[in-house]
């Protein structure tokens with residue numbers, strides 16, 4: 001394994017762990033599920049984005065299933081979150097932070113994998129964003145929430161920005177770890193600032209999102 | 001590119017545009033999303049059916065991702081709908097008509113692609129219908145509605161009829177544009193008549209659908 | 001066709017039929033859909049798990065679409081359930097029993113197919129469970145329920161146990177019908193006992209699932 005691919009693997013597993021914590025805590029907090037539901041939702045949140053990416057790239061079976069490390073990291077993340085849920089449940093912040101970390105790491109690793117498999121610039125940026133938002137979208141559908149990617153102020157946009165920061169330099173031969181870290185950092189910063197200050201993208205004239213309201 | 005494949009591409013892109021308008025207007029009207037949510041839902045509605053079809057055919061990566069024209073048309077459709085939402089939102093009709101147009105075009109192009117990739121008669125008809133109803137089904141799940149394909153009077157049936165009008169003549173060597181246009185026209189007519197006169201398929205004895213009611 | 005593969009096919013088609021009955025009855029009872037919705041939901045429930053499995057194995061097109069017998073059995077199951085819905089609707093038990101039967105049969109056939117295509121022990125057990133719970137999960141999402149796999153006492157666990165009873169002996173060269181029947185029987189027994197006595201997996205300290213409540 002080269003240094004580059006080892007680094008990509010570490011970032012990808014870190015994103016997997018962050019999303020597993022997020023999904024499992026969401027199961028505890030939002031849907032009050034039992035241990036099987038908690039670990040299942042943690043794993044689906046952690047692995048869903050990468051599976052979507054690999055299906056869209058035609059890279060099947062998904063790396064999740066050909067590389068057992070993803071399964072183990074996702075399951076351990078779900079177990080850890082279950083064990084710590086009493087401590088973490090009172091705090092809304094960890095759920096948001098783990099989600100933002102997973103979003104940022106998957107945006108850059110997803111885009112990097114798409115590039116490595118020969119996708120074009122635009123497709124790689126989009127696939128990075130799909131990897132980043134995919135697991136959380138499946139999570140939200142399963143617990144009957146309108147997905148964050150549809151209703152949140154800044155969620156798809158930082159993922160697209162983070163992916164572009166990896167893809168565009170690579171196009172000019174400037175690949176490597178530094179751009180991945182910059183991309184993830186910028187994505188994380190935009191996302192957390194968006195949450196903190198509730199920055200919002202423009203709404204259609206006359207209408208304003210009320211976030212959690214059910215569609216009629 | 002042959003004339004036949006150019007025609008198929010034009011019909012497919014027209015269906016993509018119609019579904020992007022429909023999905024984006026649904027995002028404005030039903031879920032009151034911001035611009036990112038509007039364009040995202042428009043693109044998912046426009047591209048979802050073709051992705052499902054290509055996964056089920058094993059034709060990966062989906063044409064959506066290997067051919068950037070689909071991505072561009074879907075994004076432009078979402079943007080146009082966002083810009084026109086003030087004008088169009090007061091009217092319920094455009095959402096329904098764009099949905100029926102996308103349904104009709106995707107039924108015939110989806111069936112044609114399945115045939116071209118060697119699927120049998122029955123499978124090609126079913127894949128045409130899946131292409132036609134797939135994007136709208138994902139749209140409805142994401143905004144928490146019971147999918148139209150499950151609760152609507154006439155939605156899957158016109159799609160199956162439209163697909164059959166393409167597939168059966170092709171089986172006897174009578175392929176071509178004319179059957180695609182006839183199939184799309186018949187599908188569109190049945191669908192719009194169904195909406196207009198609220199024609200319904202039979203219900204089980206004693207039960208009657210109440211449409212939008214949540215499942216218990 | 002060998003005896004082994006013929007047996008696997010029979011068990012797989014039996015699971016398909018059971019899930020088609022379950023999905024169609026769910027459509028009648030929970031969502032009060034018309035005939036198109038009933039048959040559609042029956043077919044999606046019956047075919048969804050196998051499609052997920054084949055996507056994750058990269059075995060595309062899914063056997064559902066390359067082998068018309070699955071489509072026919074799923075459609076007939078939906079039609080039968082529609083016809084018998086007046087008789088069966090008063091009884092809650094059939095829906096649960098058909099679901100448990102499908103779960104048990106798909107756990108062993110899904111795991112067996114994963115093994116046959118070269119997946120490892122852990123992956124095969126997981127893919128067996130995904131095949132078993134996949135169709136019902138899509139069913140629940142479409143009728144807007146939190147999926148059984150997330151909120152039920154014992155649903156994923158018996159599927160994992162049933163799959164392991166097939167996979168582990170096969171690893172030691174002890175393949176064959178007897179383990180498949182034992183695995184399915186054990187899965188079915190655990191599931192039905194779980195439903196009967198409402199056995200539950202541990203909850204996080206201080207929280208208790210309220211099952212059907214919407215996520216907030």
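Residue numbers in this text run from 1 along the chain shown.
A Cβ is built for glycine as well, from the same backbone N, Cα and C atoms used for every other residue.
Going by TrEMBL, these are the annotated features:
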- B:6-28: transmembrane segment (TRANSMEM)
- B:10-85: domain 'Glycine transporter' (DOMAIN)
- B:35-56: transmembrane segment (TRANSMEM)
- B:68-85: transmembrane segment (TRANSMEM)
- B:97-119: transmembrane segment (TRANSMEM)
- B:97-168: domain 'Glycine transporter' (DOMAIN)
- B:125-142: transmembrane segment (TRANSMEM)
- B:154-170: transmembrane segment (TRANSMEM)
- B:176-194: transmembrane segment (TRANSMEM)
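When Cβ-Cβ distances below 8 Å are used as the criterion, the transmembrane segment (B:6-28) is approached by residues 37-47, 49-50, 69-70, 73-78, 80-82, 85, 88-89, 94-95, 98-99, 101-102, 104-106, 108-109, 112-113, 135-136, 139, 143, 177, 180, 184 of the same chain, each at least six residues removed from its ends. Here the domain 'Glycine transporter' (B:97-168) is broken down by DSSP into helix, strand and coil counts: 59 helix, 0 strand, 13 coil. Mean pLDDT across the domain 'Glycine transporter' (B:10-85) comes to 92 in this model. The DSSP breakdown of the domain 'Glycine transporter' (B:10-85) into helical (H, G, I), extended (E, B) and coil residues amounts to 64 helix, 0 strand, 12 coil.
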